Amino acid sequence: MFRLQARLSTLCQSARVQLPDVARGHNHHGYKLPPGVACCSTQAKSQSKPEEKIKKLMVANRGEIAIRVFRACTEMNIQTVAIYSEQDMMHMHRQKADESYLIGKGLPPVAAYLNIPEIIQVAKENGVDAIHPGYGFLSERDDFAQQVLDAGIRFIGPSPEVVRKMGDKVEARQAAIAAGVQVVPGSDGPVASIEEARHFCEQYGLPVIFKAAYGGGGRGMRIVRSMEEVDENFRRATSEAEAAFGNGALFLEKFIERPRHIEVQILGDRGGNVVHLYERDCSVQRRHQKVVEIAPAPKLPLDIRDKMTADAVKLARFVGYENAGTVEFLLDPSGQYYFIEVNARLQVEHTVTEEVTGIDLVQSQIQIAEGKLLPEMGLSQDEIELHGCAIQCRMTTEDPARGFQPDTGRIEVFRSGEGMGIRLDSALGFAGAIISPYYDSLLVKVIAKARDHPAAAAKMLRTLKEFRIRGVKTNIPFLLNVLQHDQFLSGVVDTYFIDENPQLFKFYPTQNRAQKLLYYLAQVMVNGPQTPLATDLQPSDVVPSVPQLPFDRESDIENGDNSYGYYEEMRSMAPTPPTGWRDVLVKEGPEAFAKKVREHKGLLLMDTTFRDAHQSLLATRVRTYDLKRISPFVTQRFNNLYSLENWGGATFDVAMRFLHECPWERLEEMRKLIPNVPFQMLLRGANAVGYTNYPDNVVYKFCDMAVKSGMDIFRIFDSLNYLPNIVVGMDAVGKAGGVIEAAISYTGDVSDPSKTKYNLEYYVNLATELVKAGTHILSIKDMAGVLKPRAATMLVGALREKFPDIPIHVHTHDTACAGVASMLAAAQAGADVVDVAVDSMSGLTSQPSMGAVVAALEGTDLDTGISLSDVTDYSAYWEQTRNLYAPFECCKTLKSGNSDVYINQIPGGQYTNLQFQAFSLGLADQFEEVKKMYAEANQLLGDIPKVTPSSKVVGDMAQFMVQNKLTKEMVEDRAEELSFPVSVIEYFQGYLGVPPGGYPEPLRTKILKGQQGLDSRPGESLPPVDFDKLKADLVEKHGHDVKEQHVISAALYPKVTDDFLEFHDKYGPVDALDTKIFFVGPKVAQEMEVKIEKGKTLSIKTLACGDLNKNGEREVFFELNGQLRSVKIKDEEASKELHFHPKALKGVRGSVGAPMPGEVIDVKVKEGDKVEKGQPVLVLSAMKMEMVVTAPASGTVRSIAVEKKMKLEGDDLLMDIECD
């Protein structure tokens, strides 16, 4: 009843004020309106009640424009009222108003702000006497303006009739023509059908542009350059216009090529006064949406400015324009300009005009609505002057790297740029803000003002670089590129600027290291270790102490400094490293290096602590972090080492697979820290550092990059002593400039006359072939530790006699505790170099003790020249460090040496891994049986050398036999019916090469079951890898931050490399965390410092881990550099009971994911349909923008995971296509 009475009262009041005006025939100044229109306009004047000031104003809008109006009102002592949708319940604009009211309950998000009856009802019920429409939504709806006036409320804007005429692009054109302003050729009215659109195109020619008749902002705009595009663009533009403005009407215009988009800001009052506030250049556009606006337009000729502003004022006077508005023009390269439209409202970019004129446009709007005349407000044309230049950048939550797809989510970090000449207009500029898919993606308007255009651009550039926004993607990288482009800085750009400069879309990804590390810490806290732990032992709390050097800071040593930057600071403070063997190699080359090694009188040592020792004892899990900390000490105290084994073998893939580190970065960083000691690596011949064969060009490329990254000596071997595979590796190393150390893989026992397969003659003959092939150094690789002292004397003696000028290097493992004796025997027999590990990392399946060998030879002709006290200090560090790796400790099960290695011949590096595998297969209590079966499996396979990857074949066969309770005889009898491990089948197919003595028959024939084996070296038949294509594929998957080293890693380990790059992108530099934190995460209330680079340290404190929310997530709270941060992590265990929409599979072409969050508005295919690559299959809508999803490949639609009106998150699965 209340509403009915109010409506009746309004109608009576309208009748009273309209009749006199109709009798007088009063019309708007300068524009003859048709009969019946005058009453509306005079009503607007009569109802504005100029004698009364506005006391309470509502903004019928949301976001930053609502806050902008509220601020203007507060300065004018006007109370403010906000309205908000259900989706905007927590939005900032409702908190900035004096009062706020929910509207549109149960309606879609946009529809809530288009609900005119409810908006007016809320205004009337709460004493609102004026409504400001903002921009967008209802701002250009004349019916809204009229209903506001009908309700007795002032409308902050032009009269309803002017809103209608200027909002209708067709009538606006007619008014401009009548006013004598030149327009672009276009349709006389809205285009009602596709047929009409086609007719217009045929009449005026292409290109043309569809425009929404009742709105702007790029919505409902589509350029048509061919007749084939008319139908689809008409439908898409209509749909967008309907969604954005509530009316899908379109009109057509001839499309002007290469224009500048110039708009003139005007103000008019009820007395017929009109002024301009000069122009803005809005030419930097994408998809007809303005990105950067400038006031005034740079380098606009004064005569054109004067004519254009005069035309804008002329048109405004002609239509009787009141309040603020914008007259827009296109300026072509010849200097001709054309009227295109009037925006009868405040513009997004009004800010730059305010900055250069000093005039508050919103307050001017309000004063005009109160009935004030422009002269009374001090706004006569001669009083309006320009001061400097202003630039506005629209910062949006769009990802420019993905075609500006809108991004949604929670802003986790927000740090703005500020300072002199900077203005920020925003409603979501704070941490914790939720970016929804329902509204425009505008996040912040950043306005910079300075004396001129270059200075304003510099100020804007500085400001944008200061911003730190995490949690959602923004267009900041794109804006930075625009601001640094020479053409933009010149001041003259046209609307083609973005389209013609693809370099604007080349982005350097933000590192976002701090937030990513918080994600990692939270992930470990919620879901446990991200590196699987092999035992239930926990890392020690002790921070290993680095041995003190003369240049150390005493405070660091006392406090046990464990920071990332410690070794960097030590390196920078250290004196010049003492001369080492690498200096000889760098200065004189590989041949001279080998010669000087041979001439050296004492015994040289290679330290395996940095690789084989921890591979044997700690499952290869030692991190670069701990290797780096001790590196400066090694540089100063162990400069006379022959080499430091620190790379290759299993460390390569384990670094990526389990430690989430780049092995190439490990090598490069250690090279900087240890410049004087040669680095040595293990190269598996044609297998490089992998477990299979690769095309030859991969091996050559790998070796070349390894040398460039800092590697010196390559121990090259083949797991079967297959000479052709070894020679490939030797040639690759030689061409790369490395030291060739060809290795004999030792097995059997040359001291036992009964073992005739691998006797002295076999090894001498093999060594002869390696010397002929050009090795610089000859190596004996005793991978299982079965080289007994007497055998060492015999083998080394025979080789020394045969090759007196070739250096001999001996490697063994200490599994049987006879390693020291064997190495001393080898040295006495003429070996030049033996392998050792520092005491606390020696013994068992590792190498013999460095200290024991040093002490045994001290004062003799074979003195190593290494100080035993230095070894002790070095060992103390590793003793403490080893405790950090307790979860991988072989001593959990291996308590002492085992002489049974002489029987089973299990390599030291494989022993602990085999043990962990037995545990995982449920064979923990049968490991002794596995060891015995290892020897049986070796005999079945033909008694082969056992080193990676052949050792894996033997191990797999042994565990297969134990698990299936098979004996050697049973395997031989039942081979044709058994399903063997893949590694066993590939061995018999010849993928590892040919074993000594050939394959055992008939077992090979039975196992292959008719499959053909290889007749030549495996790598010979493999096609070369196309590294350019591989890099392009990696860039497509992981972005442009792909290095050449990553390409080589991907050639060797495709999936491991993909997983590593994804992990690094998600969690950042986890290698900067200390080791215990990395493995098991922090405790609540734990404080830590993380140095991510020199001069940049993160101070982190864990605060709390929240309860499970409805999405299966826990919020984890931190303090980062004194500021509160939080991240949400899905609880993987709890989430198993919740249902979530499946995600598209990354890297799978036919798995089509949602390119942005949004709503499905159309599905164009059905299951079973054949589709072509690029064919539209689905349409998504988000933030009032529609996106057509196309088929990534040709094929058949296998399944569709969505339906119309379904709301999706980014990367949600849309459909699966079975690719042709």
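From the backbone N, Cα and C atoms, a Cβ is placed for every residue, glycine too.
Automatic prediction, not curation, is the source of TrEMBL annotations.
These come from TrEMBL:
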type	residues	note
DOMAIN	53-503	domain 'Biotin carboxylation'
BINDING	Lys169, Glu253, His288	ATP binding site
BINDING	Asp612, Lys781, His811, His813	Mn(2+) binding site
BINDING	Arg684, Thr948	substrate binding site
DOMAIN	1143-1218	domain 'Lipoyl-binding'
MOD_RES	Lys1184	N6-biotinyllysine
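Put simply, of the binding-site residues His288, Asp612, Lys781, the one whose Cα is nearest the Cα of Arg684 (substrate binding site) is Lys781.
Non-local contacts of His811 (Mn(2+) binding site) by the CB criterion (under 8 A, 6+ apart in sequence, same chain) comprise Met606, Arg715, Ala743, Ser779, Ile780, Lys781, Asp782, Met783, Val834, Asp835, Gln847. Fewest other C-beta atoms within 10 angstroms, among the binding-site residues Lys169, His288, Lys781, His813, are seen around His288. Neighbour counts were taken at the CB atom with a 10 A radius for the binding-site residues Glu253, Arg684, Thr948; the maximum falls on Arg684. Listed in chain order, the extra residues whose Cβ falls within 8 Å of the Cβ center of the ATP site residues Lys169, Glu253, His288 are Gly186, Ile209, Phe210, Lys211, Ala212, Met221, Phe251, Ile340, Glu341. Using a 10 Å radius centred on the Cβ of Asp612 (Mn(2+) binding site) and all shown protein chains, the other Cβ atoms total 30. In this structure, the CA atom of Asp612 (Mn(2+) binding site) is 74 Å away from the CA atom of Glu253 (ATP binding site). Thr948 (substrate binding site) sits 15 Å from His813 (Mn(2+) binding site), taking the Cα positions as reference. Comparing the Cα of His813 (Mn(2+) binding site) with the Cα of every entry in Lys169, Glu253, His288, these being the binding-site residues, the smallest distance points to His288.
Confidence across the domain 'Lipoyl-binding' (1143-1218), taken as the mean pLDDT and rounded to a whole number, stands at 87.
Maximum C-alpha to C-alpha distance over the listed ATP-binding residues Lys169, Glu253, His288 is 16 Å. Under DSSP, the residues of the domain 'Lipoyl-binding' (1143-1218) split into helix, strand and coil as follows: 0 helix, 40 strand, 36 coil.
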